[in-house]
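Database features (TrEMBL):
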BINDING   Ala7, Gly8, Ala9, Gly10, Ala11, Gly12, Lys13, Thr14  ATP binding site
DOMAIN    1-249  domain 'UvrD-like helicase ATP-binding'
Amino acid sequence: MIEVQIAGAGAGKTHGLAEKVIKHYDPTSYKKIFAITYTNNAATNISEAIIKQLGYLPETIVVSTVHTFLLNEIIYPYSPFVLNEVHTTSSRCKTFSNFPPGKSAEQKRRESVGTISRLKKSGVIHVDETYAAAWRVVDENYSKHSSQKKKSKVRKVHKLLSSAIDKIFLDEAQDLDKTALKAFQKIGENSIDIYMVGDPKQAIDYPKSFKDWLAANKANEKVKVLPNVTSSRRVPQRILDLSNTFCPKGQEQTSLSEVEGRLTYITSEADHYDEVIRHHIENGSLVSIFRKEGNYSTKQAGSLPEFDPEIEELLKKEFPEYEEGVVIYSLQRYFASLLSNNDNKTSIRIFLDNLDIQYEKELFKKLFRSAEQCSSSKDNSAKYAISSIQRTKGLESKVCVLVLTPAIFKCLMQDGVTKFNKTWNMVYVALTRAESELVVAVDMELLGKEHKHDDIVESLETIGFEVLNPNLPNHKAE
């Protein structure tokens, strides 16, 4: 049985999920309860919420990411039995490179397929294959399960799962693609009850998957959709009045917050623009943009390159006297430092020379993929280091600053745009992070080619924004 709870931004989903996990917890049972979500940060938040309410995290309550759950509980133990495929670890390495320049999309696709196949032969599953591999294990209707013997193996897996796992609590269901949703549906229908929480309005990577899955299972007796949670504990009503215009009918929200809320704008023509932006960056406010552009970098602090598993094995052999994890982490940091100061080719040459590793064409290609995957050193030259809108999902702060780009401005004004697509959902996410004030930053270097300053200001004022007062406490150091 699968229960689905639709809840909007700021509805207290993490706290509520933790509460349900604790209520279901039976200290006398040996079966495990899994609370799973999309990101490591979200998993940490759920763990902390459980500990805050219960006082500790019991051994039988396991909090993890979706990928970790599928790898450890489905793929590693049962893929050899059902699919005759043995996987002992996973990799996030980039599967293709843009080098040399001029590669076609088909060439990149073939390179990607080749990389995944090579990893698979050495017992490594690429994370991009996780959902599909898990689905093949748990769905007896998968095309290769053609005989009754093969189908019986899948049924055996479900029997084993139900004997070991009591229930799954799945958060952020809107972040799953259609294959992952199919996999969890098979688990929920055949072995383990699932309580699923999601918000289609915040679906960015796969804006249609969760909605389509809900529509396809409307008549499914094993999928029960609970009444929508339409209240928001976080977002003031003043801001919700705007974000509600981005909600499907029936999903509009009402605020439980006692804060009045404020919508303000600041333009780059104001003398205090730089001071206000820097104040909020330095004081931990959420400052975000659609994607890196102009003076705004979205480079994640401390991001490290992922090495191909074959590169990792080579590096481990270079330093056999040290612990393997320490070797890889140290060399990732070293490679990242080279990339921050040099172009990719130069960084690879220095890296290989200093480690006294002989240059080989295939080795270079694999390192070049790692270099491309790591955030570009050019990000360091940007004036403002902020976040992408996507990385603010699940986060909140008293004041949030949204840097307008042409696409986001057009969507914010709902000016002839497609509704409920990726950009539309991004705007909803950006509008619903603030506990007190949402500031839109109008940088004319980003918008000036397409829009006049006064037209932008006039448009923002028609939807409820007012000019920012830099003297208010929200925008000054205490």
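Keep in mind that glycine also has a Cβ here, set from the backbone N, Cα and C atoms.
TrEMBL annotations: computationally assigned, not manually curated.
Here the domain 'UvrD-like helicase ATP-binding' (1-249) has a mean pLDDT of 95 out of 100. Within 8 Å of the Cβ centroid of the ATP site, not counting the listed residues Ala7, Gly8, Ala9, Gly10, Ala11, Gly12, Lys13, Thr14, the chain contributes Gly16, Asp199, Val229, Ser232, Arg233, Arg234.
Non-local neighbourhood of Gly12 (ATP binding site): Arg233, each in the same chain, at least six residues away, with C-beta under 8 Å from its C-beta. The Cβ of Ala9 (ATP binding site) lies under 8 Å from the Cβ of Asp199, Lys201, Gln202, Ser232, Arg234, Val235, Ser243, Gln253, Tyr428, Val429, Thr432, Arg433, each of these being in the same chain and 6 or more residues away along the sequence.
Note: Gly10 (ATP binding site) has non-local neighbours Ser232, Arg233, Arg234, Val235, Gln253, Glu396, Thr432, i.e. same-chain residues 6+ apart with C-beta under 8 A of its own C-beta.
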